[in-house]
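Presented below is the structure to which this report refers.
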Amino acid sequence: MTGAELTIDLLAKHGVNEVFGYPGGAIMPIYDALYGAPVKHYLTRHEQGAGFAAVGFARSTGKLGVCFATSGPGATNLITALADAMMDSVPLLAITGQVPTAAIGSDAFQEIDVLGMSLSCTKHSYMVERSEDLAEILQEAMHLAQSGRPGPVLVDIPKDIQMAQVPFHPWLAADDYLPVLDLNQVAIANQLLSEAKQPVAYVGGGVQAADAQAQLMQFLEKTQMPAVSTLKALGSVLPDYEYHLGMLGMHGGQAANLAVQECDVLVCIGARFDDRVTGNLGKFAAKAKVIHLDIDAAEVGKRKPAKASLIADLKSSLPQLECFVTEQAWLAHTKAMMTEYAWRYDYPGEKVFAPYLLNQLSQRMPQNGVVCCDVGQHQMWVAQHMKFSHPSNHLSSGGAGTMGFGLPAAIGAQVARPNDFVITVSGDGSIMMNIQELATIRRNNLPVKILILDNQRLGMVRQWQELFFEGRYSETDLSDNPDFVQLAAVFGIPGQTITHANQVDDAITALVNSEGPYIVHACIDDKENVWPLVPPGAANDEMMTESAK
Amino acid sequence: MKHSLTVALKNQSVAVERFLRVVRHRGFNLTHFQLNMDDGQYHVAMTVDSDKPIHLLTTQLNKLVDVKQVTLENLHQQAM
């Protein structure tokens, strides 16, 4: 068996049935081994598209996402997706072809030090130096990507090793090093919980990574503790939970941010006090004693000290928390804030109001549908105005904030979940960053839906220019955008443009009812901003709102 | 504040590179670095200088697959 054949064989044995990639010189033996193999390959039109499709596949299922690229520029094009997966803890395996071993270090054609480049954007990476190591490395790589705190792993395979006859040795994973809960810390945490008058659960992406939604909901339902979610956690707290205050942070809801600022105990469940969450860290939840639950010890105390740290898999740590029922006075206060600061959709103008459109879409699309965002204003509106029943239904580039994520991520999600409704919500800036993937939709007849919220601007940058750069709109005007419906039509994708509020309902009907792919190009007000907003350097209770800007 | 650490690493060049990248990126300046190989492992003795608490470095180093052990030598200087 050649190294290339072994690579495909091991993927299949590991249960990988779909991979995303783009061929080229140094990975040709692996593509030759793919020919007729049981592993289905989806050809994207750019390696970054392959990387994000694999991320979308992984995030929409919790399974390993796999992508292939050739050496040199093929591999460099994957780097952004690896960085994105690193920031958002996504289980991803990237396999890159490399120039033959004898040519490494000679500046050969399409030779780049991919291992060197991978160091800052992978959980771990390998370059295979001996053919006899290939089997073990691949098996270890798949294991590492999915174990502990998940992340991207890269395996760079020189072409001669792909072509060599290689031995196969089954590799038995060493017992996972899973941190053992410190029972003293559990006792401290439960003491803090017993004394809490105004507790808040701050829920992060770790809940999805640990597949711990059931344990989370059990804790919340027994305690009735008010909960707030990070961008990545959305969907972890079920939408009908009465005390979910929504997303916190820079564009979080006022009730969520104010509750956290007022709380006396903050139970951080698989989150990492990201700067977009905390605003001014010194003023964030300043009165709160922190109980931090995370599998990654490096996240505890990294940004905010914890009084109790439960370093373990959330599935085992969450049930250790005692469930004291939250005091009525605090519940009444948070409920009153939820009512006072509820989102409003009574937009006075005739234009399409993006929050209303998204809220309607959320109500009318199938409940288990997947929404894949790009990055910018539309991303925040999705987080604010759509509801999700599981974090695998909301794919949004959180830590890295990568424009161009949405369309290829939706392709990956649709491949992974062929019977589910999958839509990418994008902006007129972001969609152009991986627009070539319309060809992948066409090639594979994928029924991916596309909603573009078009303000003819790089809206989030424009908003900051308006608010913090004296209205100097440097390079954010996109009024020369192409006609997106015509553009989609070239790829065989039907759709419509809407410009008025009274067209929204029919457009959603067309999106939801279309059996194949469909695009809605919604023209929105170019001056619409995302509110509320915590300005840079401010505390989360110093939010700017539309009326107070 | 200066901190002395010893680190046992897998004996591959990339392990040293990966580990030094983390030291730099997490905001610690190297003031001393010594590398020896013994028992099939690299052994690093180093001193770093930073205003940041040392646990911000040790916890990150402990996560690296190639890092076998991290020991803080001067515990009395450890700032938590």
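Backbone N, Cα and C atoms are what each Cβ position is placed from, and that goes for glycine too.
In TrEMBL this protein carries:
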type	residues	note
DOMAIN	A:1-116	domain 'Thiamine pyrophosphate enzyme N-terminal TPP-binding'
DOMAIN	A:188-321	domain 'Thiamine pyrophosphate enzyme central'
DOMAIN	A:374-521	domain 'Thiamine pyrophosphate enzyme TPP-binding'
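In the predicted model, residues of the domain 'Thiamine pyrophosphate enzyme N-terminal TPP-binding' (A:1-116) average a pLDDT of 98. Counting residues per DSSP class in helix, strand and coil order gives 67 helix, 25 strand, 56 coil for the domain 'Thiamine pyrophosphate enzyme TPP-binding' (A:374-521).
With DSSP classes pooled into helix, strand and coil, the tally for the domain 'Thiamine pyrophosphate enzyme N-terminal TPP-binding' (A:1-116) is 57 helix, 21 strand, 38 coil.
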